[in-house]
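Annotated features in TrEMBL:
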SIGNAL    1-23  signal peptide
TRANSMEM  47-68  transmembrane segment
TRANSMEM  80-101  transmembrane segment
TRANSMEM  121-146  transmembrane segment
TRANSMEM  267-287  transmembrane segment
TRANSMEM  307-327  transmembrane segment
TRANSMEM  339-358  transmembrane segment
């Protein structure tokens, strides 16, 4: 009798095992892992290490392309810079497709959310598409408005007028490379799309929109890491996010270096990128007692913002970074540069995709 009872119990366990496994995905507090004091202490140490390492890696990565401009080989007009930008664009593209978009899909398809509307429609892909279209619209409208307000009018230059004042630091043309004097009378056409001034406007808009997409994602991953109480979860993330921030910083730094902002604006953009993830970790640590990453509100907010960020980065990397450089006449006329840029792109994509195993 006992033997039959044991066999029946074993059969019932096997029968209900799938439902027991799936129950781990539910949002009941009783099923969430408990973390003892020693585990919390280890987790806190890893978080502090993460703040320091990610801060240094981000600052170094975003600063390298700007500092490299002082070296003639790495200036934007040289072929090496095309290779660096291709690698950086590959990093950003892989970040969007391999890191951010899957995170958005995972959050918005979580069993913790109600079946309607989240389970009946692919919101993650839809939001990424909407975000990419919105980015394209902002990109084109901003470029058009900026161009009309600054460059559609031919700029007359008379006498010995000094080209400074309100136009200093903008992308208005100066008569000489330095702020010299204009002699005689001339009209400087500035509305041409092929002019260096139009190109400068595009680079400034690209760098600002790109940073916006990266910053949103960085805050989210920072809060998620800071709110976690599992040392086992945090430990592999420290190294992965450190490399992630370094490569991502290189991509953003390459765009900022071409935008030729004033020193103050450049410094603000570098500091903002460098501090975003560490600040997110600090915020996550502060709200860790009340923040529940499996709550419906947290999942919806994370999923929406991750999906929107993915759309921004996909558009920027394909259209404004790769599309522009790979169709550049310099690259089109140089087969070796094309091959090198494609290999650099693949290397950037592969490097960032590999980090997805640990992040």
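The backbone N, Cα and C atoms fix where each Cβ goes, glycine too.
Automatic, uncurated: that is what TrEMBL annotation is.
Remark: the transmembrane segment (121-146) contacts the transmembrane segment (307-327), by the rule of 3 or more CB pairs under 8 A.
Listed as Cβ neighbours of the transmembrane segment (47-68) (distance under 8 Å, sequence separation of 6 or more from its ends, same chain) are residues 74, 84, 88, 225-226, 234, 237-238, 241-243, 245-250, 252-254, 256-257, 266, 270, 273-278, 281-282, 285.
Sequence-distant contacts of the transmembrane segment (307-327) (same chain, six or more residues past either end, CB-CB distance under 8 Å): 82, 85-86, 88-90, 92-93, 95-97, 100-101, 104-105, 108, 123-136, 139, 202, 206, 209-210, 212-214, 216-217, 220, 251, 255, 338, 341, 345.
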